[in-house]
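Copied over from Swiss-Prot, here are the features:
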type    : residues              : note
DOMAIN  : 10-206                : domain 'tr-type G'
BINDING : 19-26, 81-85, 136-139 : GTP binding site
REGION  : 19-26                 : region 'G1'
BINDING : T26                   : Mg(2+) binding site
REGION  : 60-64                 : region 'G2'
REGION  : 81-84                 : region 'G3'
REGION  : 136-139               : region 'G4'
Amino acid sequence: MAKAKFERLKPHVNVGTIGHVDHGKTTLTAAIATVAAITSGGEAKDYASIDSAPEEKARGITINTSHVEYDTPSRHYAHVDCPGHADYVKNMITGAAQMDGAILVVSATDGPMPQTREHILLSRQVGVPYIVVFMNKCDVVDDEELLELVEMEVRELLSDYDFPGDDTPIIHGSATEALKGSQEKYGQPAVVELLNVLDTYIPEPERDIDKAFLMPIEDVFSISGRGTVVTGRVESGIVRVGDEIEIVGIRDTQKTTCTGVEMFRKLLDEGRAGENCGVLLRGTKREDVQRGQVLAKPGSITPHTKFDAEVYVLSKEEGGRHTPFLNGYRPQFYFRTTDVTGAIQLQDGTEMVMPGDNVEMGVELIHPIAMDKGLRFAIREGGRTVGAGVVANVLN
């Protein structure tokens, strides 16, 4: 079977459903795919095919995730849906499925529940920039005032976590009715409205190539007569011959100039996001650069030792620790291409962290690493992964 050609004609946006168990995330995912297939072509998906989420691995952690694609007239969407709460936690922390926006599903019969709150908090911590709300099961609520009450609660909850609760689009509907093909206001028209809201409320994400240049250094070579070459995969932006660049992390930041870009032994004028290349550095000695540092556009990223993080700790069954860890625990933190030792500061009131938990913590590294909010890392102990995390706030 030939692979379908990926058409890059429309902007591509990543979204996902979040919310409490049994509030209708998977049913809504099926309804969106079905309605989008009717309005813009594409493949309708039924509940069963989305619910049987295949396993995948991200940073050594097994996660069950369903990927669904659909189109609106102006955009192409990739949508993730997870079967269980633990899968959401892992997915969001590892960044296995980075979301440009999330669809929060809240049952009108229950209102916000504990996982509703937790998913909003996680969205804030891991940097999901936009949330839209689908109030589900509205067809079984007779009392209009109750719907207004639930909507108010949801808006307050969003505002509690620094999302613009008052301005967030909230759509009332019924995923089940939409899947049945109902043309009543809570049926397919509500899902059409949701698709319009996704198009208008979630801005088009900035492409990696349009961001500032950043390349994690994987290897360093010395080429006689030409100088020092560092190799790696360009994470974002473009580096051109003649550009001033900084070497950031582990040691004091150094300035240098790119005097050449090589790929597959060919000389190029530039290296772009997604490409593996070698960058020739003017006047930089081989011993001044090491794996774990990054090349970056001057001033675009700074090195830090202290940060707050949201962390998922692997369970024993996932190959993680068998015992909890306490305050002051000192594992290795694996950022991009290297391990750095760091000490953990648990929040007041948290005595220990059990395998399988997700937790907020402070970290202090022994060497500074180039980092920004949203950077993912693994926590390792003797070479095996025991956790995954994301930088929630950079401190110093």
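Yeah, the Cβs are placed from backbone N, Cα and C, and that goes for glycine too.
Across the fold, the C-alpha of H85 (GTP binding site) and the C-alpha of T26 (Mg(2+) binding site) stand 13 Å from each other. When the Cα atoms are compared, the residue listed as 'Mg(2+) binding site' and G19 (GTP binding site) turn out to be 10 Å apart.
Under a cutoff of 8 A between CB atoms, and with a sequence separation of 6+ in the same chain, the neighbours of D22 (GTP binding site) are S107. Taking each of the binding-site residues K25, H85 in turn and counting other Cβ atoms within 10 Å of its Cβ gives the largest count for K25. Around the Cβ of C82 (GTP binding site), the number of neighbouring Cβ atoms within 10 Å comes to 24. Of all Cβ atoms in the protein chains displayed, 23 besides its own lie within 10 Å of the Cβ of T26 (Mg(2+) binding site).
In this structure, G19 (GTP binding site) is part of a beta strand by DSSP. Mean pLDDT for the region 'G2' (60-64) in the predicted structure: 80. Sorting the binding-site residues G19, C138 by the number of other Cβ atoms within 10 Å puts G19 first.
Taking H, G and I as helix, E and B as strand and the rest as coil, DSSP gives the region 'G4' (136-139) the counts 2 helix, 1 strand, 1 coil.
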